[in-house]
Every structure is written in C-alpha cells, then in structure tokens.
Amino acid sequence: MIEADRIISGQAKVDEDVIDRAIRPKLLADYVGQPQVREQMDIFIKAAKLRQDALDHLLIFGPPGLGKTTLANIVANEMGVNIRTTSGPVLEKAGDLAAMLTNLEPHDVLFIDEIHRLSPAIEEVLYPAMEDYQLDIMIGEGPAARSIKLDLPPFTLVGATTRAGSLTSPLRDRFGIVQRLEFYSVEDLTSIVARSAGCLNLELEQQAAFEVARRSRGTPRIANRLLRRVRDYADVRNGGIISINVAKQALSMLDVDDAGFDYLDRKLLSAVIERFDGGPVGLDNLAAAIGEERDTIEDVLEPYLIQQGFLQRTPRGRIATSQTYRHFGLQKLSD
C-alpha cells in the first residue's frame, strides 16, 4: 500500500482539488488554527501594505495537508495581488522559470510547491531574482554567448516544502519569513470540519464534527476528506443527516479507528508488540515482518506514530510505548 492510497494520507489526491478550492479559506480571518503563524502573517502583510512594498519572500514548511497552499493563496488575497502557482518538479528548464518571472506584475506572488525538488540550475536563476529582482539570461551559444540582466518587478516568492532540511542553505537564507505549520488540535479541526460542512451545505451535528476531527491525525486535508466520505454514508443511510452515530458508523466502515489509525498503522504497531515483544526492533526486520519498504515505514508510517507517542525510535531500534499497549487493550510486561 502506498501513501496516496490511504484515506488518512496527508497527500493531496487528484480528484480533491476542485472541492478543496471551494472550502478553502480566502482570508486570515477565516483561517483556523496556527495562531502564532496567523498573528505574525497579519503583522507582516499589514506592514508591507502600509509601506506599499512587496511582502518578503516566505518559506512555509511542515507535514502534508496542513494548509501550506491555502496560506500562500491567503497571502495573495490579503495583499490584493495575483498568484501564479507551479512546483519544483515542473520547473525543468531555466526558461520555464524565466517566463513566469517576467510575466509577474508588481507585488505578485509566485508560489512554488515542493520547492526542495528544484534543480540546481533553477536555483541559480532564483538567487538574483529573489535578492535583487533581476534575471540573468544567457543569449547565444558558445564563444558568442553573453549574459544580459533583466529587471523584474518586486514580487514575493512563497515556497512550500515538507522537507525543509533538503533545501540548500543559499536558497533557504534568501527567505525573509519562515513559517512552520504544526499539527492541529482536535478543537481547531472540529471548527474546520464545521466550517467545511457549512460550505457544502451539510446537516452536521456538533458531536459528529468532533468525531471526524479526532480521527483526522491533526490534519485539515484528512478531516475534509473524511467529512466527504461520511457525507456519502449519511446520504445513503440517513437521509443526508450526519449524526454522531452515523459518523461513527461511517468511520468504522472506512476502517479509521479512534486514534486515526488505519490497517497499516495497526499492522506495524501489532508487529512490534506481537512479533518482537514490544521492541527494540531494527527497521529492516520490521519492514520484512509487515511486508513494506523501509522508506514507507520511515517516511509514511512512523512520523505520526512517533509524534503521538505510540512509537519510540532509539539507537537499538523501534519500541512500542505504554500508550500503544493501552490502545490495543494489552498489558505491557515489566522489564
């Protein structure tokens, strides 16, 4: 099973973009959660508008599904400018980036998702553009080739990444504002679910919103995805009304448990407990035991389990915590 196949994946799915745009907040006033980020961005945006400057270049990082793209669009809306969107893997040639930069209007936002995947050649074009609002272009080939400089309008580059550590230092250092998005509280996710239900004209009980939120792994994208699937269940089984019981039944059908775990999460934790006596167990042994690639365990499964205190990573291997035993209704044996 790959990450994109899981209903509790933080990665975006191809068919979700249209619906996500419909329920996505447009302004900071509608943006739920991330209070420190929201307060800081409110100050930075208002200051830039008072000075009639472009906002400083902004790097947003954090796990998938926490609202990096949403925040980039909010920045453009609050500044009253256009946003042009691309991604690191799409920008294969320097000319692709040059074309986007030369079409920007003053103070526009250029949003590059997965910015850690930019090639070195593209980064070289970005450096003078970010620092001096200039574009260095090579004209001609061979001995006759020469470099010319084009002036660019002041603009804001917003970069988004799930892997801030993979950015080169020269690129990272050129961002004047760096914001990290954290996992959301259940209370904030409940508000997000209720807001999304309103946008979709759903009849949703408050307790049902909480039930969806607490199984959403701290991630708005997962909360909204689960809400849509619960809506499907309610339309067929309960005349479209999403009660607490309907929400629980739908989520049970989807195999998402009270902790937001799916089959793969439970398979990993069960293997650590049952096959390796709670650990420590090495990554290769664990991968072989559950039939998954070690990269899948490290990049997809472990981060949330570790963050929530269900799995501990030690020099000797992975260990199931007391919380894991309680989740499965088991008693942890004393050392």
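Including glycine, each Cβ sits where the backbone N, Cα and C put it.
Of the residues Arg172, Arg174, Arg229, Arg231, Swiss-Prot places Arg174 in the same ATP site as Ile23, Arg24, Gly65, Lys68, Thr69, Thr70, Glu131, Asp132, Tyr133, Tyr184, Arg221. Rounded to a whole number, the distance between the Cα atoms of Tyr184 (ATP binding site) and Arg313 (DNA binding site) is 23 Å. Taking a C-beta cut-off of under 8 angstroms and a sequence separation of 6 or more, Tyr184 (ATP binding site) has the following same-chain neighbours: Val32, Gly33, Gln34, Leu66, Ile192, Gly218, Thr219, Pro220.
Note: the CA-CA distance between Thr69 (ATP binding site) and Arg294 (DNA binding site) rounds to 29 Å.
Looking at Gly65 (ATP binding site) and Arg294 (DNA binding site), their Cα atoms lie 23 Å from each other. Taking CA atoms as the reference points, Arg294 (DNA binding site) and Ile23 (ATP binding site) are 36 Å apart. A C-beta separation below 8 Å, combined with a sequence spacing of at least six in one chain, links Glu131 (ATP binding site) to Arg174.
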